[in-house]
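J.: The Mn(2+) binding site annotation in TrEMBL covers Cys70, His378, Glu420, Asp456. Look at TrEMBL and you will find Arg109, Lys315, Arg346 tagged as phosphoenolpyruvate binding site.
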Amino acid sequence: MEAGDWVPTSWRSKEAAQSVKYPDEAHLAKVLDKVKALPPLVTPSEIERLRHQLSLVQKNEAFLLHAGDCAESFAACTQENISAKVGLILSFSLILTWGARLPVVRIGRIAGQYAKPRSSATEKIGDRDVMIFRGDNVNGFNPDERTPDPERLLSAYFHSTATLNHIRGLLTSGFASLHHPRDWSLLHVRSPSLRDEYEAISQGLSDALDFTRTIGLAAGRETQSYERGGGRGVLGEADLYTSHEGLLLDYEEAMTRFYPIPDSTISRELQVGTPAPKKYYNTSAHFLWVGDRTRQLDGAHIEYFRGIRNPIGIKVGPSMAADELVRLLDIVNPEHDNGRVTLITRYGINKIATHLPVHIKAVQESGHPVIWVCDPMHGNTLTSSTGLKTRHFGTIISELTSCLRIHSECGSRLGGVSLEFTGELNEEGYSVTECLGGSMELSEEQLGLRYQSFCDPRLNFEQSLDVAFLVSNYFNNQRRGNSHRKGNTDVLYSELGGNTASASAAAA
Ligand SMILES: O=C[C@H](O)[C@H](O)COP(=O)(O)O
Ligand SMILES: C=C(OP(=O)(O)O)C(=O)O
Ligand SMILES: [Mn+2]
């Protein structure tokens, strides 16, 4: 089917991997009619703005941070959790901007990241075989609620709406202001030399913020709080875009709307006087990605993704052949639009060196414009001795630093990172304990203390800032030409356990 013949239902003639079978199809149809009638969550203007910002990432003029939960849950949709997540995304991007001196485009895995693809269809709980948990918009985590219920799609719409409303409220009320960044106390950092490095970086950053405020004061700006009519702070106009895996195509189709491209975009792209062309926008999120398990060239997901105007991500794992990757790009981006495709690579520490250089070369030769992003999480999952799914911090940063190095060796550039992290705290103010290691040196015995993820293990607040300091420091050294400090000789890298024997063994 040619691009012009595409409609939001086109995917229905193809096979959808990881599809969900509902016991009552009529009930599903009724819910989808309701979703179709509900207002969009995001607008074409916002989607176009993100496309533009991603085109800057592609030109090395910005860096992309894609991060958030593996699976959001309805129960975690609270003021505290949402603020903690947004706060972490803002802190992370501030640290990165400091080191790289580049604006950071922030895309949260938030306000709709519910559906999960799984390795097995069922699991054994006690002596029962039950359907696996597929995310809060499909079935319940409670073993007695595993039958897919279409009402959950509606509930997902409203939880996404509540989440997004709170994010918009936070960002337009000075939450991103530099006047109150979240406290980055370094008490959790065990190693003295690592703490010294962190202190040097955060001191430099806080001096820069003080200077910015002083300049603002001298210029007569920033004297008033936001509530008294002042600006929102240097980060006050912060954009935070939403994203999720476009897995449940019934829902994505229902949220796909036919709208004219906003005027300002047309004037850049078309002759004046031409009627505004209409495009299909997925209005459930600004950015959608297709997962590593659902990216078959002739499958339903790629058929759906090729027709939407949103910028899209494609997960690229070790099972992707180089020519398959290029054919995939031909399908989803035949016009070679800038900012349209982000390739999110997730090979695992033991496989990245075999696959990434081959993929980079194939894409370079094809002439396709892409943004390369490293997801150092999904190829590095393991089961701890206590049976909990976990990831070792050392393995995560090993894949990330290998990725940075390989891109630079191949004449390419890493444009961003994709992380599963959360800033959420329990009632006593402690972070989750899902990934091992990091500057807090989280041990296997501690994993069970506050393990809250319903799917994959996330970096907690402290471990996420470790990654932010590490990447920021890498770019800072690169900017200054301190090549001797790159890679393995970097104190941050060695202290944080990169390339350790235990980390490699864990990922084997
Ligand atoms: O988030 C990614 C996948 O849904 C997840 O890694 C699958 O986990 P599983 O192997 O436990 O099914
Ligand atoms: C399902 C995910 O990843 P992947 O498709 O890369 O396994 C994810 O990002 O949560
Ligand atoms: Mn995941």
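Placed from the backbone N, Cα and C atoms, the Cβ positions cover glycine too.
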J.: Please tell me which one of the binding-site residues listed here (His378, Glu420, Asp456) sits closest to Arg109 (phosphoenolpyruvate binding site), measuring Cα to Cα?
T.: Glu420
J.: Whole-number answer please: how many Å between the C-alpha atoms of His378 (Mn(2+) binding site) and Arg346 (phosphoenolpyruvate binding site)?
T.: 6
J.: For the Mn(2+) site given as Cys70, His378, Glu420, Asp456, which other residues of the same chain have their Cβ within 8 Å of the site's Cβ centre?
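T.: Counting only non-site residues, the set is Met377, Thr381, Cys455, Pro457, Arg458.
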J.: Do you know which of the binding-site residues Glu420, Asp456 has the most other C-beta atoms within 10 angstroms of its C-beta?
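T.: Its Cβ has the most other Cβ atoms within 10 Å: Glu420.
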J.: Counting Cβ atoms within 10 Å across all protein chains shown, which of the binding-site residues Arg109, Lys315 comes out on top?
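T.: Top count of Cβ atoms within 10 Å goes to Arg109.
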J.: Would you mind sorting out which binding-site residues among Arg109, Arg346, His378 put a C-beta under 6 angstroms from ligand 2?
T.: Arg346, His378
J.: Enumerate same-chain residues with a sequence separation of six or more from Arg346 (phosphoenolpyruvate binding site) and a Cβ-Cβ distance below 8 A; give 'none' if the list is empty.
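T.: Within the chain, Arg346 (phosphoenolpyruvate binding site) has Cβ neighbours under 8 Å at Asp292, Lys315, Val316, Gly317, Asp375, Pro376, Met377, His378, Gly379, Ser418.
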J.: Quick one: which of the binding-site residues (Cys70, Arg109, Lys315, Arg346, Asp456) have their CB closer than 6 Å to ligand 1?
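T.: The qualifying binding-site residues are Cys70, Asp456.
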J.: Any idea of the Cα spread of the phosphoenolpyruvate site, Arg109, Lys315, Arg346, as a max distance in Å?
T.: 16
J.: Compute the mean position of the Cβ atoms of Arg109, Lys315, Arg346, which form the recorded phosphoenolpyruvate site, and then list in sequence order the other residues of that chain whose Cβ is within 8 Å of it.
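T.: Here the nearby residues are His66, Glu245, Trp289, Gly291, Asp292, Gly313, Ile344, Asp375, Met377, His378, Ser418.
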J.: Quick test of your reading of the structure: among the binding-site residues Cys70, Arg109, Asp456, whose CB sits under 6 A from ligand 3?
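T.: Only Cys70, Asp456 qualify.
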